[in-house]
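Worksheet for the structure shown next.
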């Protein structure tokens, strides 16, 4: 298709046809004019025609039954998956026992001393406070369960990620193969990874750990490859000119030169692993996520909050400590660093032994603070007083209801009313206008696959929630981003808020929205907006602030008003950043809208949860595949190609 | 266009090989590097180009449109003699950096031969090539190429570490070299904490630490401020005076080339346009390109009285100030101005000729040499 447009004789075309946008539209219109009547004549229907669906639930059910029947006997399971599963259980159990044996005092001491050595005194104090807070909230045991799972999953992710990263960083062919796979994995919602793992390993800790590894390893692999490839060419050449062997080059130059990326990868992997370890409670991860999950199932906001706070604290501590380690890289190494590590180790052991001798291994019951009841009382009060009937502004539940009836329902009904081929056409048009014919083709195929799988309607339901949430996110995000870009004070105020919000796992966002809006589709959308907003604000602000100061200065010198500067200079020049913000917004919103299935969001997310809860893996798998397709489609539709981004800049 | 420099280059290379081949005149030692008909072509199916006389005759732009290939080095031949500073000079894109990388096969040459001390470099296997890089030729880079995570001392010791020299010994040897390049007291800094000039001293020290037979410099001072550049150039002159190490020096700066070089190869579009001493390059440019290049050079500081002198008449051999044949014209001007009489060029008590004010002014004005060529 691209060649057709390229080779079109430009001289004979009328002026307006020379614009690529117009050419693409005309070409699409031509294709549509031929294909649509054909499609409409054969399969006239608003929704995806039955004739074009393939029922995969039968084969899938057979497969899952076969796996369940043969899990204990088939050699593949006995000698391969069985060993993996056992090893994972053993590792998690061992780490968990070590954590328990160290006692609360030992673990807190170890964590804060590591933070002290890696990141300094302030973060050490923060780490100690965070761990003690977990104890005070009565969540010590679940915290340790989550931590044990995290430790194993992060170690495995790092090993897998670094190996893949080395392969992609050192071999061009591996890079070409791995890059699109890793890029795609990055945009898929966490929920999509749950079902295939459950299919093989069943519900339980091994499945949870493996799902976490699959979700958390890609950033490590990507950043390792990036670091290895981004190394200063002249340094490598200098190293080669001294007669190094390939192995010496890797160990003494390439890997050390990639330290920053490796640490960034570790940081991202840890954050993704925490996020997934919490979500994986749906497939038997236990720990903090399970507490939140159980509490949300019974709309017990207090209990959910008691488990949610430790998750947030853990996330913030892990992020800050690993982030600080990366920032300290360039600094001068401190004298006697090794001795200080030794002191830290001795202090940890001493504290752990002292606690053991004092018989204080378990967190003392007397020190726990039950926040569930007061929180629930507060929520009850809110339910009674804020949900509805507040004069003038209305209540939160009213807002949610209005949002559902006035926005979500019309969008969903509108999408489902549209003839199926027109949905495909819209997808193709958007994707092609923003990206290339390649991205357009992928997007259309992904959308068609959803139809073929027979989940057209629930997918459009999910899509309607995504569209509504993205619209709200972008309006709010661009507004806040522009404000932050124009005023240093706003940015200073926003930065810590954004920092905290960006580190929180997706799951946690469900708690406050359930407290405020109850359950349903509107709360799911609200959670998605809150989750995606920080990233959109941040990218917008950065994009606007990085606009060439010389261009801005020349506009000012010509007497442009602030509004003119924004409209005519900043926004056009920040176009690549804004498109990236849209893309990120869409990907993040989708992730949470899917999880919203847990709080009444319905649609695909609910199908996954339902499939898991009922043991109906076929339904869940189909929904999972549809999520993958939807994620792929949304990402490709909003993906500006690099070539275009460069042209814009 | 492309034929003029080629003939000029053929001419000059011929003359140099003649002067160094044992048959004609016994050279003091065999050349360190002997490069013969070297080609480096980038692009698809690069191998066919040096072999095809029709393609080699093409101008660079035409070659690119015809074959999609770029010839970075075109049929270059030269010898680097032991103990000399051999400068390769040319503007950016003339192929000089590619040329120096071909010497140790950091870039694999397409055709031609390279020999180091008579040993064929292109025939070396991996191990042998590594030995060459480890012990015989060390390189200094334009942007230093230091490892940012290592201290100055460990950067300097890196080449020895690669050779598996023990930690204590390599640190001791590195410390000596660090002192030699004037970085005492900075052994434990990181490259990021040093100025550009200091970083290049580390780069120089790293190359010196492995005690190589030849030092290769790839535009080492181009990224430095002018004052620091002068310091570093003097450092190189000092090192060369003290150790007499063979050096191959790449630069795009003519004054740097004239200052450091015993001999200079001037490159254009991948080919050597002229090869000779600074005096030959400035005094008798091979073609208009070289002439244009050296136009602004203060000729009186490069040309010696040996080229400027004329035969002495009988009464001139007896009196007037005496000058060595290597004295520059500017020195002669001073002597002539002081005495008011033509100066004699004396070698071993024999009068080779005289320089008078007319001859000297001719050098400064550039008129004298043009007469010679025409």
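Backbone N, Cα and C define each Cβ position, glycine as well.
For A:143-322, A:459-638, the entry in TrEMBL reads domain 'ABC transmembrane type-1'. The feature transmembrane segment is assigned by TrEMBL to A:94-116, A:123-141, A:147-170, A:191-217, A:270-289, A:301-321, A:341-359, A:417-434, A:440-459, A:466-487, A:577-605, A:617-634.
Between the transmembrane segment (A:147-170) and the transmembrane segment (A:440-459), fewer than three CB pairs separated by 6 or more residues in sequence fall under 8 Å, so the two stretches do not touch. The transmembrane segment (A:440-459) shares more Cβ pairs under 8 Å with A:617-634 than with any other stretch in the list A:123-141, A:191-217, A:270-289, A:301-321, A:617-634. Sequence-distant contacts of the transmembrane segment (A:577-605), counting only residues of its own chain at least 6 positions beyond either end whose CB sits under 8 Å from a CB of the stretch, comprise 187, 189-192, 279, 282, 293, 296-297, 434, 455, 458-459, 461-462, 465-466, 469-470, 473-474, 477-478, 481, 506-507, 509-510, 513-514, 519-521, 523-525, 527-529, 531-532, 535-536, 539-540, 542-544, 546, 571, 623, 626-627, 630-631, 634-635, 637-640, 645.
When Cβ-Cβ distances below 8 Å are used as the criterion, the transmembrane segment (A:191-217) is approached by residues 63-64, 67-68, 71, 81, 84-85, 88-89, 92, 149-150, 152-154, 156-158, 160-161, 164, 185, 269-270, 272-273, 275-277, 279-286, 591, 594-595, 597, 605, 608, 611-612, 617, 620-621, 623-625, 627-628, 631 of the same chain, each at least six residues removed from its ends. Away from its own ends, the transmembrane segment (A:341-359) comes close to residues 101-106, 109-110, 113-114, 116-117 of its chain (Cβ-Cβ under 8 Å, at least six residues beyond either end). With a threshold of 8 Å between CB atoms, the same-chain residues lying at least 6 positions outside the transmembrane segment (A:617-634) that come near it are 56-58, 60-61, 64, 184, 187-189, 191-192, 194-196, 198-199, 427, 442-443, 446-447, 449-450, 453-455, 458-459, 462-463, 466, 586-587, 590, 594, 604-605, 607-608, 610-611.
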